[in-house]
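Novice: The structure's right below; bear with me while I get my questions together.
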Amino acid sequence: MKTKTAAAATCLVALLVVVLAEAAGVGGTTVTYNDRSLVIDGERRIIISGSIHYPRSTPEMWPDLIKKAKEGGLDAIETYVFWNGHEPHRRQYNFVGNYDIVRFFKEIQNAGLYAILRIGPYICGEWNYGGLPAWLRDIPGMQFRLHNAPFENEMEIFTTLIVNKMKDANMFAGQGGPIILAQIENEYGNIMGQLNNNQSASEYIHWCADMANKQNVGVPWIMCQQDSDVPHNVVNTCNGFYCHDWFPNRTGIPKIWTENWTGWFKAWDKPDFHRSAEDIAFAVAMFFQKRGGPYITTSYDYDAPLDEYGNLRQPKYGHLKDLHSVIKSIEKILVHGEYVDTNYSDKVTVTKYTLDSTSACFINNRNDNMDVNVTLDGTTHLLPAWSVSILPDCKTVAFNSAKIKAQTTVMVNKAKMVEKEPESLKWSWMRENLTPFMTDEKGSYRKNELLEQIVTSTDQSDYLWYRTSINHKGEASYTLFVNTTGHELYAFVNGMLVGQNHSPNGHFVFQLESPAKLHDGKNYISLLSATIGLKNYGPLFEKMPAGIVGGPVKLIDNNGKGIDLSNSSWSYKAGLAGEYRQIHLDKPGCTWDNNNGTVPINKPFTWYKTTFQAPAGEDTVVVDLLGLNKGVAWVNGNNLGRYWPSYTAAEMGGCHHCDYRGVFQAEGDGQKCLTGCGEPSQRFYHVPRSFLKNGEPNTVILFEEAGGDPSHVSFRTVAAGSVCASAEVGDTITLSCGQHSKTISAINVTSFGVARGQCGAYKGGCESKAAYKAFTEACLGKESCTVQITNAVTGSGCLSNVLTVQASC
């Protein structure tokens, strides 16, 4: 079964800064550029944008995600285009459901936002094959992302298809639509030098640009991470954690930051990466300081300001919203003004923008362990380490990247509340029918060699059976040895499961050694190879094999002598019987057993089914799959994705400290701000409300591949549990329990000075009864509240003028 198109929502919305026009409206819009900005209808503008990948959420979620993005100060939404989702089989297209790309762009337009169409069609995106269809490999002479007719023909056909769909729907700016930029290829410059064919790579990237421009879309084309050999008819852009020191390859084009990574992707064996709101704001403020801000920057990736469920991730969302607001307030001077840099000391710089009689200033402290005082026009400003202050009038600090005023929200998982429903789920079960695969008969075809899995299965299933037989005289014991390029392998001898193994930590070449008893006569060996997604990045990634390609496969006796089966007659069959029967759709004709309430546990290749009532309310619904091992989950026939809660995240030093100061990095030494070490890599899976039926049973089906215990599975809701905020005397504190009419139920802490612990478990310092009274009166029973911090609410004898408040929702 394939899970690459699983509908579990992953919203990647975050910060992005660009120079554009006002909200997209009726009538054609011209989009050009110069060395300072994009120019829309002759006017320079700054626009804030972010990324939402339409296949990673449901169409019903799109309006709310886009609305929250806009409320966070964004003016544009960008997305990749997912080729293998739209064309899973050659010339068989999919533009429905969460692949209805035109509907997605219309939702953006309806919200009054701009859009950026990143066709690629190679996208990376932590997506199978980087979005390229596996069937491309079946075409003779095919070489991915090099100058060759087979690849370029297919790429042009798909690119033209997408462009024409957008033209037919009047989605480009010149047609009155929201799309103001389009992208061709993606991060090709990162791998060009590793392809061992510089001429072909150069010819290919120039062909891409020429092909794109022939589409006549009426908006500029961009290329990400193309720092050398840049075609003259595209704008090259920057991706990364920091882009303030990056510049385009030539004059006359604007400096564009297409991906500002707000975190990092999650792997099965890795903890969660968190990039602090302070560091993201620091990077963006430096980017504006360096060249004035008429540019595009896209925040992309995980730990984003909207989480995978579409909830606000605070304080990141609020802190960046505050930054967006300040940048907008000095928009005109940034895009038209002249600027001067002044170095005050090592790693401390002041940049002053001037336009007519107005000015705006940035003060930058790049020291990662030292606060500094900077005197500007007679006023001294304290600047924390690793921060930027923005002074819209060069006098008053309106924003400092290290000082967060936005609230922190702690989301909690709550047991679902459904009246009259038993607490535990009642499961029935069915064993996967392995019998047809336990002999080497009835395969799709035979070969006297061990084939590569992706080519053989065309990526239509995670599973491929390799089956052979051997005639043996008498009984004997052997060790079955299999060398495989993974990602996972199960071995059966004469119908009995004798061993299982998977690749450790992404090192896909591994061995399986299992005891094997042969009887007199014909013996059958069945090997089930499983993939867990396909490589999406790097040079020639399509040539990375999967499965038992080449082997060897041997039977080794007690004396070390081997019988090499690698060139035996192997029968091949992709998929499992349950896939062909579509058990996950719960069709009539499937016989489920409840065994009088006793459910088998820790049995590999078992299907489980239960029903549940949708949790009341509108909060996010998740299913907790703790207790299971490895498999796939569906709700009402909708794929939630692969699960593997038995795979725990490694212990890493970064799990034990988090300091926003200093360079953030996701790879190599120096990782920090990690959580979840030693815990399941993922145990909670989003169940979009649109998947659920209210007032009637909902069906969940699990395919447990490795053997687990479903008795611990439960459905829960996710909502704000605690909210916290800090502010100095003279400022205000705003608290909110978020959406769905959640109200503030208690004020837990009102403390001046440093509160100990973390939000949700703060221990107060110097408690203020006056502050407690003020927040109780203003906030209890309210969805949100704002309180001015005055001297009247300071605690008696409290030395600090910073108040920390914690409330329960």
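Each residue, glycine too, has its Cβ placed from N, Cα and C.
Grabbed the feature section from Swiss-Prot, which reads as follows:
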type	residues	note
ACT_SITE	GLU187	active site, proton donor
ACT_SITE	GLU259	active site, nucleophile
DOMAIN	727-809	domain 'SUEL-type lectin'
CARBOHYD	ASN198	N-linked glycosylation site
CARBOHYD	ASN249	N-linked glycosylation site
CARBOHYD	ASN260	N-linked glycosylation site
CARBOHYD	ASN343	N-linked glycosylation site
CARBOHYD	ASN373	N-linked glycosylation site
CARBOHYD	ASN483	N-linked glycosylation site
CARBOHYD	ASN567	N-linked glycosylation site
CARBOHYD	ASN596	N-linked glycosylation site
CARBOHYD	ASN748	N-linked glycosylation site
SIGNAL	1-23	signal peptide
Novice: Work through the active-site residues one by one (GLU187, GLU259) and point out the residue whose CB has the fewest other CB atoms within 10 angstroms.
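Specialist: Least crowded of the active-site residues GLU187, GLU259, by Cβ count within 10 Å, is GLU187.
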Novice: Whole-number Å distance between the CA of ASN748 (N-linked glycosylation site) and the CA of ASN373 (N-linked glycosylation site)?
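Specialist: ASN748 (N-linked glycosylation site) and ASN373 (N-linked glycosylation site) have their Cα atoms 35 Å apart.
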Novice: Run through the Cβ atoms and count how many others sit within 10 Å of the one on ASN260 (N-linked glycosylation site).
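Specialist: Around the Cβ of ASN260 (N-linked glycosylation site), 27 other Cβ atoms lie within 10 Å.
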Novice: Sort the recorded positions GLU187, GLU259, ASN260, ASN567 by C-alpha distance from ASN596 (N-linked glycosylation site) and give me just the closest.
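Specialist: Considering only the listed recorded positions, the nearest one is ASN567.
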Novice: Which one is closest to GLU187 (active site, proton donor) in space, judged by CA to CA distance, out of the recorded positions GLU259, ASN343, ASN483, ASN567?
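Specialist: Looking at Cα distances from GLU187 (active site, proton donor), the smallest one goes to GLU259.
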Novice: For the glycosylation sites ASN373, ASN748, which one has the sparsest Cβ surroundings, going by other Cβ atoms within 10 Å?
Specialist: ASN373
Novice: Tell me the Cα distance separating ASN249 (N-linked glycosylation site) from ASN260 (N-linked glycosylation site), rounded to the nearest angstrom.
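Specialist: Just about 19 Å between their Cα atoms.
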Novice: Tally the residues of the domain 'SUEL-type lectin' (727-809) by DSSP class, grouping H, G and I as helix, E and B as strand, and everything else as coil.
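Specialist: Going by DSSP assignments, the domain 'SUEL-type lectin' (727-809) contains 14 helix, 32 strand, 37 coil.
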Novice: In sequence order, what residues of the same chain, 6+ apart, have a Cβ less than 8 Å from the Cβ of ASN483 (N-linked glycosylation site)?
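Specialist: Set apart from ASN483 (N-linked glycosylation site) by at least 6 residues yet with Cβ under 8 Å, we have VAL509, PHE510, GLN511, ILE548, GLY550, GLY551, PRO552, VAL553.
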Novice: Please list, in sequence order, the residues in the chain of ASN343 (N-linked glycosylation site) that are at least six apart in sequence and whose C-beta is under 8 Å away from its C-beta.
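Specialist: ASN343 (N-linked glycosylation site) has long-range Cβ partners THR349.
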Novice: CA-CA, which of the glycosylation sites ASN198, ASN373, ASN567 lies nearest GLU259 (active site, nucleophile)?
Specialist: ASN198
Novice: Give the sequence-ordered list of residues that share a chain with ASN249 (N-linked glycosylation site), lie 6 or more positions from it, and have CB atoms under 8 Å from its CB.
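Specialist: ASN249 (N-linked glycosylation site) has long-range Cβ partners ASP227, SER228, VAL230, ASN236.
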Novice: Tell me the Cβ neighbour count for ASN596 (N-linked glycosylation site), meaning other Cβ atoms within 10 Å of its Cβ, over all protein chains shown.
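Specialist: Here the count is 5.
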Novice: Can you tell me how far the Cα of ASN198 (N-linked glycosylation site) sits from the Cα of ASN373 (N-linked glycosylation site), in Å?
Specialist: 51
Novice: Cα distance, ASN567 (N-linked glycosylation site) to ASN373 (N-linked glycosylation site), nearest Å?
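Specialist: That comes out at 74 Å between the alpha carbons.
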Novice: Looking only at Cβ atoms, how many others are within 10 Å of the one on ASN198 (N-linked glycosylation site)?
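Specialist: Neighbour count, Cβ to Cβ under the 10 Å cut-off: 11.
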Novice: In DSSP terms, helix, strand or coil for ASN567 (N-linked glycosylation site)?
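Specialist: SS state of ASN567 (N-linked glycosylation site) = coil.
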